Structures are given as C-alpha cells and as structure tokens.
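**Q** Among the features that TrEMBL reports, compositional bias 'Low complexity' is placed at 731-741, 774-783. Feature annotation from TrEMBL assigns compositional bias 'Polar residues' to 753-767, 784-797. Annotation comment: TrEMBL describes 20-219 as domain 'MHYT'. Sequence annotations record features per position, and here TrEMBL assigns region 'Disordered' to 700-797, 814-844. The transmembrane segment annotation in TrEMBL covers 20-43, 55-76, 96-117, 124-145, 157-183, 235-258.
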Amino acid sequence: MGNSEEQYEVYLGQVVPFSFSAGIIVMSYLVSLVGAGSTLELINRRTSNKGKYNHMLLVGAAMSMGGVSIWSMHFIGNRAITVLDGAPELQIVYSAGLTAASFFVPIVVLIVAFVAVDGPGEVNWWRIVLSGFLAGCAICGMHYLGNASISNYNCSYVTGNVIGAAAIAVVASTAALALFFVFRASWTSSWWKRLGCANILAGAVSGMHWCAAKGTSYRLSSLQHAQSEMGRNATIAVVICLAAGASIIMAGSAIYSARTRQWYASKSQQIILAAAVFDDKRRILVSPDGFLPSEKITDTFPQKADDDVFDTAHPLFHWMLRASRNWSSVSNLINAMNDHLASVSHSGRRSRSTRLGVELVDSNGELIDNYATVFRELFCVAAASLAARMKENLSDVGVLWDELFTTGAAMRVARPTHNTSDRSFFRSLFPTVKAHELSDLTEKGQVRTQEYGRGSLMLLVRHVDNQRCIDKLEAAGYRFAELPQVMGIITSSMRIRTPNVTNKLLAMSLPAEMMPKLTPGAHVGLFGIRARVNGGGFDVLVNNKAHNLLPSIKFNDNRLAQSQIDFVGQLGSTSVPGLLRRLGETVNSSSNEADFACELRDVVQQLWDLVADPEFEEAVFVPKVMQAPCPPVGDDTQPTTCDLLVFRRIFPIHSHNSCPTAEFVPLQLFKMQQTVYKNSPHHAAFSRLVHREIAPILSLPRPSESSSHETIKGSTSAKETSPSSFKRKLPSSLLRLPNLPGRKSKKNAANCVGSNRMSLASESQTHLKPPPSDCSSSSLNSSRTNQNQATQSTHRAQTSTLGIMVSQEVTVHVHHESAAPKVDRDGNGGQEGRNPVGIASSNTSTGLGGVAAVGMRGASTKVEIGTDDKTWTFVDELLAFCRD
C-alpha cells in the first residue's frame, strides 16, 4: 500500500504508463464472437417486425449484440490494461451508474438498427447501410460511455484514433450485415457463412475497441478502495454470465436445427400433411430453416392387400380431397375426433397430441375397428394442428392438392395384381391380355410397383393475396421465399423422390385466375381412358395443369342453339376421320348447318393437333352434348355449366401418352373433382355424409332416436346407421314419391309425407335433383315443379328432427318423357325406348341404383334413385358410352 501511495503522489494528475495482456485480448475477441454469433442466429430466425415471437427475437438479438458482443467485450478488454506495475490500488475501476447506462444504451440503438434492416422483400441496401451506421454508432457510443464510467482516471483521446475507430465500427458492421442478409435472402446462409459474418462483426467491435484504446491516455485522479475492487470483480461476473448465456443460445440454436433436420428426415418415412402457402408474388411460405410447415398424420398406411396402396386412386384420398374443400363440415367435429383418438390404442408413450402414436393395426396384426374412419380423423386433426401452428383457422388452411409426393427411401417390388374391381369391364375391353404380359407392362411403366419403406407427402395449397394475411403468417414465425431458392432445402429435408417436384410446385403457385378452367360456352374435348392393371379401375387423360379438365378447346362463347344440338345428334358415333369427312360434306352443301359444321371441323382439327397422339384417329365421336360444370366467377356467384362435345377413346394398356400438355390420372379422382368446385351444390351432401359416417363412431347424440324407434316399426337401429350398413336395400316406402306429375289429389301426397316423416329423418332423405342430362322443356318444367314440392316435404321432415341427421342420403331423379320422341340437348334424337339417364340402369350394381316407372296420361315418369356418395356426373355418361 505504501508503494501505491508513493506512485499516487508521483502520477497524480499525470498520464500513467500502461500495457496490454495478449491472453485477455484474445479472450475479449472470443467473447465478442460468441455474442455476434448468437445475434446473427436470432436475427436469422426473425420473420417479421410483428408478432410476440419476432419481438422476443429482436430484443434477444439486441441484448446479445449490445450486452455480450460490445459491452462484455469492452470490460473484458479493459481488464487487459495493466497500469504501472499492476498495483491493485492503481487499476481502472468504474462507477455503477454510467456502467449500467453503457449496457442499455447500445441495446436501444441496436433495436432500432435491426428493425430498420429487416424489412419485407429483397435486400434493401439503404436499410443495410442505415443499420450498419447505427450499429457502428452503438459500438462507438458504448465504448466511450464505458470509458466515461472510469472513476479513478480521466481519459483523453487522440482525434485520429477516434475517427479511425468509428470508421472501423461502421464499415465492418455494414459489411457483416450486408453479407449476412444477402446470404439470408438467397437461402444460402449455412452455418459456416454465418460464422464468417460473426467474425467480421466481432472484428468490428474488437477493432474499434483496440484502435480507440491505443489512442487513449489515462490521467490518475484517485486511488481505488477495497469496495471498488469488489465492484470491478462484480462487473466481470456479469460479463461471464452474459457470455455463458450467449453460448447457450448458440448451442441451443445448433441443437434445435439439427433436431429439426433429423425430425423432418424421420417424417419422410411417414404420411405427412404439409402446407404450401403462396403469396401474390408466387413465393412459398417456409420456416426460417427453409422447411414447409407440416404435421404427421400417421406412421404408415395399413394395407388390406398387396394392391391396397395409398395413392390418388384410393377412396380415402378422395374423401380427404373433398373434406379439404368442405372444412366447415368437419371443423365442429375436431374436438370429438380428438376425444375418440385418445381412446384408440397407442404405441409407446403417449404425447400431448392424441393422434401421435395411434395404432391402426392391433397386436394380432389385424386392422382396428373403423380404421378407415380413424385414418380420416387423423387427417382432419393433423390439418387442425397445422392451422393452429400457423395461427390460422381450419377453414383457411388450404385445399388438398390432387397429387401425392413420394418421400423417404424406397424399395420397389413389381407385383401386379389380378384383384380388380372392374375385372369384367377390363376383360371385355382387353380380352387378349395374358397374365405373362404383365411383366412387360411393368417395364413399360403401366404396372405400379409395390413400394415399401417410404412415406407420402400431401400438400394443402393456399394463396394469399392481401398484405394483412401475409403479415399474420410472418408474425407467426414464417417467411415467404422464392421457390427456386428453397427447393433444394424442401426436397432434401423431406427426401422427396417424386420427379419434377419444382414444376409441380410452380403449378401450385399459380393463382386461381391463371389456372386453366372451363368457361361458359361450347367446347370440344377428348375422353380417353386406359385400364390400370395393378390397382383396378381406369386412368383418364387430363390437362396436366388442371387435373379436373379434359384436353379440350373452346370454340364458341355462347351455348349451342337447338338446331346445332340436333345437328350433333345426327352425326352419330363415328371416328375422327369419318367425322371430318362428313363435316366437310356439310360445309360444301348449302344447308343451314354449313357454318357450324365449318367451325366444328376446324376445332376438331385443332384438338387433334393439341393431343398430338396417333391414337386420337381412332377416337369415336359422342353424338350427345354433355353438360360440364364451370366454376363460378366470384365468391357469391353460382356455378354454371357449358356445352361439351366429346370424343371417346379407350387407349391400349401398353400405350404411352405422347401429348405434352396432358397426362393420365385415376378416373375416380377425375370424376370426384367434378363435384368439388367452389359453391358446388355437392358440398352440402358431403357435409351430411361426413356426419352420417363419423358421428356414430364419435358417439355423438342423435336426436329423436328413441322416438323414431317407437314410431316406425323396423326403423334403423344405432348399429345399422354405421357406414357398413349403407348398402342395404332401399326401403320400398321411399318409392312413394309425393305429388308425382299427374296426381290431382294432394291428400295422398300429404299422407305419404306424414307417414314417412320419421323414416326420412332417421333413415334416409328424399331429395329431388335435375336429371343428369337435360330434358325437353316440358319435362324440365315438370321436374322443377316436383323438385320444389318434394323439397318442401323434405324440409318439413328434417325440421322435425332438430339435429344432426345420421342417415343415408337418397337422391331421386325424376324424368318426364313425352310420348312423342324429340331431339333434346342430350342428343336423344327420337330413339324410342332409350334410357334418358344413360348409364343409370347399368349402375345398379353399386347397390343402391334403380329406376322405377310410374304411369301417367300417355307419358311415363322414370325415377332414378341413388346416393350422394355415388354422385352422378357427365363422366358417368361418357363411361356409359364406352361400355356400349
């Protein structure tokens, strides 16, 4: 102490000599590097300037940079300064007030800097320059404010060093942030690139500090006391804690990223539901790591047989496709689904999510009861969880894309099957195909190989076109990225094996107004089908950009006139060359149809060029005007139909598609897509179907159940309302239609409604729809009259139940045939005895089809009865022509 007092008396008011400790200088740089690295990791995970999640990351990044990389580095660095011979009483000490202020001031400035730099869209250079300038100011300001807190020395500075230190801080900070955000915007910000940016940023802090320290002189003003030494040590303890916290952030971020990549890799072997959300710039929504938001549906799909492959031809996929376009029909069942899944057998340890670990196969290797319904529930609950993760409602989560993506490692085994649902139809079309030819078909790609050990990825597609929705998703912790920049990350993380994934995602990114669609008017198309050997059923040739459309060309903005419809009916079933010759003859004649024939001939030739397949020459013209659905123009408008003239062609099994704008998809998928367009009248029917199939299994209350059992003898029991009972015979009481044409008495109709009221509510519902094909004007008016009357009766029957109707939907199509044959819009030109509904009579094999005839005043009314899950579309009519 005496020696210190002597030195104090000598150097009081004088500049004291000092030296630097190299080891502590290195340590100070490492502390700054840890702080800079954790700062960039936190900034990398920010997705917006909005949302609590992003606000926490912003404050954390500012504290990591200001508190660790700058403040901690400063005080660790100053410990490297040794005054005189190292006497404790002469070493630098700090005042508490300014030391605390030097901690918070750079944090506040850096918050402003990080808010300024992290703007929407691409890299903005003026933002980066502004942020770099503010960061440099924070570094310089903290340094000189920290020096001002020295209580036993008065500091003086060399002007050149001050300017040089400020330049180092600003330039190096700007360079580090520029590199970081350029890498981040291009999605090439790998860990080693971020580490390089962190080194530059730490160099900005350290370089500025030591440049300024070299130009600093210390004039002794007082001796420190024991309390000052304790305060000095306390500052070092705070620095150590902050550095340890920053190290934990870096380690936690690295562990989280590794676990996330491992999690996505493991999910590639499972059935996964992911969200593909696109903005108006066709950018895709991803996590900060470049991954799609996703949820697991189940570990694997249990196959009933070798040919029971979960693909786009599977009925469960069709149900999911419809459900994603009718989320309102399942949203109120999500809680009940969660409760039901909680009661299903689970494997291993239960998690907070009821769907995780659900076993679809019991301990004996058998499928669990109602496994198909459980699988549907897993899909719906996964979609709800995905919506919750993105802070969205289930109704806004998106619609299911009509393709499955193969993920994970695959082991392929060619195993063609002979168990097809349409075997008789297939053999009638291709009687010469032998079993030994299946191996050749496999080589040609016509037999799907059985594939094991891999997963499937389903995508819910959504387009957001307003800034409010975009801000909401970004506030939830996601970013929009250019598709080419993240395709590598998406495909590698999910291990997607499906070829041309980029092109498929680019097709998804197209907004609705840019997607091909049928518009009102007249079109000519090709209905080409090809048998699928390994899975049963058929594939149909469709537009490769819109799988709900046949390859077609529009040739008139107006509907066909009746004279043109009559002309189409007279053309008959003929091949393309024969039709062109006949149209050419008509063009050369002086008939009234010459102009229409010329127009039709030209568009047929255009279709031939579009298809670009020699098989099109064998296509046969369908002499009937089909009515194809057209989606509505706006949200509040109703869908319409267009006139569609079709050529039908059954392609050989071994044929390849040579049309660059078309591809084959499952026929049942194509048919189902004709019912799921916006504002489709089939949505309400599907909603009732969902409740009929799922509500009994979820043990939901069924109103008026007891009263219906007491009132109706032989009424359906609770067991009979399950989906397995839907194939029972139609009760004969439903054939007594109220107010059929020709009945004068309303009493009988009233009695019919009254006697069947409870039956309609508890067992089935009578619902009259326009027939699948247009009828003549007189029969159409008659059908509309009966439709209104029956709808009122049905409404009264439904009102009496006051709740969910667990029943089977029965559709009754009424056709009023005039005694005098007449050519109508469907081309039934005077063919006596022809069934006006085409395939209806041949569709009775479905288990619930039928035609009942009711006599009336020189005419007949044909009633077609079917169910909503066997929806009639123009595809059925075309398939009927293929059967003929």
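Note: Cβ is positioned from N, Cα and C throughout, glycine not excepted.
Annotations in TrEMBL come from automatic prediction, not curation.
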**Q** Between the transmembrane segment (124-145) and the stretches 20-43, 55-76, 96-117, 157-183, 235-258, work out which stretch tops the count of Cβ pairs under 8 Å.
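**A** Top-ranked stretch among 20-43, 55-76, 96-117, 157-183, 235-258: 157-183.
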**Q** In terms of Cβ proximity under 8 Å, which residues at least six beyond the ends of the transmembrane segment (20-43) contact it?
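**A** Same-chain residues near the transmembrane segment (20-43) but 6 or more away: 57, 60-61, 64-65, 67-70, 72-73, 76-77, 79-82, 114, 118, 176, 180, 194-195, 197-199, 201-202, 205-206, 209-210, 213, 239, 242-243, 246-247, 249-250, 253.
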**Q** Suppose you look only at the domain 'MHYT' (20-219); what would the mean pLDDT be?
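**A** Within the domain 'MHYT' (20-219), the model's average pLDDT equals 89.
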**Q** Taking residues 6+ outside the transmembrane segment (96-117), which of them lie with a CB under 8 Å of any CB in it?
**A** 43, 46, 49, 58-59, 61-63, 65-67, 70-71, 74, 127-128, 130-132, 134-135, 137-139, 141-142, 145-146, 148-149, 177, 181, 231, 235
